[in-house]
């Protein structure tokens, strides 16, 4: 090589000085292709691979060749994020990275070298989430914002608890605050990577959340008034309300118009068809709390057919994109609909004749989008705060007295007289007191669940339903409430109490309870009673004959006390929760409202001292205890159920007076007027064992009743006896398949048992001895009366 260079120099082609420049330095290697040899490679020292940054600002650094030029590639395209010129052996670059996982590429270049050296590192950027709204944010307790899809949200601040929120694919998140009362709360939000609290991202600044869970007052209608007959169309609706609130007007359960409240006033209008209509309103405050529906205002559109309002062309909803931030990429959402003076009425939903529209009307949303929409079921239940005054409880006590004096006692008198006048047969006997072999157990669980399901359907129908899925949620809530009510107040309470008293009881399904529930639902629905009257208990306890009256009375008293306690606890919890949104919160509050009115309504029915009700067992044991329990049930029902502003109390009192008069008249006829008339009629005599049943029946009503001791404790046909506190009638009955059969009729209180006894009069006498409440001659047997 050297000789060739000398030869070229001698020829004058290349200068000799130039030949020294291409001669390599001892100890170094020329890069291939003529590139410069590296003295230090490109290295990324910080951050570590897949590091998480709590903001959009990312800083990376490392070492380089002193002669190299370092460039950091932009993550969004375009010019490099950083360019570090030659000189020095370290480098650093700070740039903004999109939220999420990013791969950063760094190049080291040399002048005249077309092939740069490169290195890569993966970084994650998770800035703070945003909280929607400007502090103070008014809400019912729900906090919303934007974040990175899939990340978790953790709230921190004053008494807000933890939020299990996850940012949805749309980029939005929501969390309910765990607070017990309305007020101001300081809240900040932290975003965590992939819902992992151990990898927190950025934390937002603290904002003030103003929680308002107090429902507003009902809107006031100044136009139209009840009984109005508007003569022109469209019909104008006007009234007063809470500033900034929105009032929705419903006609026959259909939303017809909405209006915002300004300076305390609101108004809107809608064209109505000819005929009678019911007008209601719901007020929504700025936090989103509904007031519940107002009582219906009856109006009538008369005259010419109302003009049909022109149908405006529907416009596609506009979309407003929130301000862009470097924390997350929000998805455009439609803004809240502004209140307008008029609104196009949706298609009317047909209702059954003679029935008012459902309380909540229709939501105006697609039927399958109403899982989180309130139904207003139980919205008429007064809050605990509104009944804190003594006048509310005095009013309830008055209604309790009405229940005891005008309903319960007259009903017992009437049924006692009727059942002594018209004997019943064995299949209608008192099944609350049977022998061990006769007491049926409630074994088929499907039958019980079916009965509870039927009662739940009746309870839901009592308030009215529509073809929306929110009413399916309501049915689920009512079913849960009735399961709790029957399981705790009847099954658990009676079983444990009976065992504690040394007795035995069995559960049985009582169809009459379902009948009462159906009648209560029908009356509530037809009369528009809110809150509706619900009877949710469908099972009862049967006691063995050996269980004394005192034990049965104590168990029945405990059952009614537990039933009332469940209703009161549900009422307190329902008032404490207040207005909520979302599927699960609404399911919880509807379950509580259903349990409240079902438990209290059932307690009133069960306190009646008739038939198979626990009230009868209490009355037979201790009339004073029964008065206390019945008065307590009536008072609580008067405060919680009848205390609502829409409950027809005057009608209830008037019907109670009419009912009491009818019962007393019936009792007076059977007990005071009919016996003298029968005593003047010729008595029916004779009759053999094979005589007709009709003749026997006549003897039972006309024969004189005498103490059993007058007959020497013997039994003769066609006679009536007083056995202790029992009235016993022995008459022949036609039973050809049973030779010598005799009918034994026992009349006690309101329970009359008429039962064939085979074996002749001697068998009847033995049966009387077993049933006697007094010791018999030559016997120390002393049994409880039936």
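Keep in mind that glycine also has a Cβ here, set from the backbone N, Cα and C atoms.
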Annotated stretch (transmembrane segment, per TrEMBL) among the listed ranges 364-382, 421-439, 554-572: 554-572
The annotated transmembrane segment range in TrEMBL, which must be one of 306-325, 326-345, 446-465: 446-465
Which listed span TrEMBL calls transmembrane segment, if the choices are 275-296, 649-670, 671-692: 649-670
Transmembrane segment according to TrEMBL, located in which of 245-265, 623-643, 707-727: 623-643
529-547, 738-756, 757-775 - the range that TrEMBL marks as transmembrane segment: 529-547
Interface check, the transmembrane segment (554-572) with the transmembrane segment (471-493), three or more C-beta pairs under 8 A: yes
Cβ contacts the transmembrane segment (649-670)/the transmembrane segment (392-415), at least three under 8 Å, sequence gap 6 or more: yes
Interface-richest range of 392-415, 446-465, 505-523, 529-547 toward the transmembrane segment (623-643), CB pairs under 8 Å: 392-415
Leading stretch by Cβ pairs under 8 Å, where the reference is the transmembrane segment (529-547) and the options are 392-415, 446-465, 471-493, 505-523: 505-523
